[in-house]
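Pulled from Swiss-Prot:
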BINDING   97, 139, 143  Fe cation binding site
ACT_SITE  140  active site
């Protein structure tokens, strides 16, 4: 198990564009395992490689069953070189970020997205997401571009700090 340190706002790597992955090899698969170990330990809904200081284009999405419709097993995705190829609709919802601990704000996002990426075998996949899944995908892909959720907030008055003892409640709404 390799839980990595999640870097926080102020670290310049969070503001840099990640580099495209050319070959899905054992090094990339190990990076994916590290991302999974780290996101699970942090109890987040997603994590991008730049958040652990690695400027590579890979994300994981970890939406547990209790965040989705009853009977749905949840969502676990590893996406390499993800890009949004279609987006529609609009939603505004509370977001937080493991790299900006304790801070939350209302962020506008597309309601529906289609993402093209590679899987861990190097095969092209397309993922369609709506609602929370669409939000998490957009949030994590933003990290690959050096964009943080606070950059997307239209109404700065919604940005607020929620102390640790209240964070669990807020994470039920966000936690990326």
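Heads up, the Cβ atoms here are built off N, Cα and C, so glycines get one too.
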Pairwise Cα distance for the residue listed as 'active site'/residue 97 (Fe cation binding site) [Å, integer]: 10
Residue 139 (Fe cation binding site) CB neighbourhood, other CB atoms within 10 A: 25
Surrounding CB atoms that lie within 10 Å of the CB of residue 140 (active site), all protein chains: 27
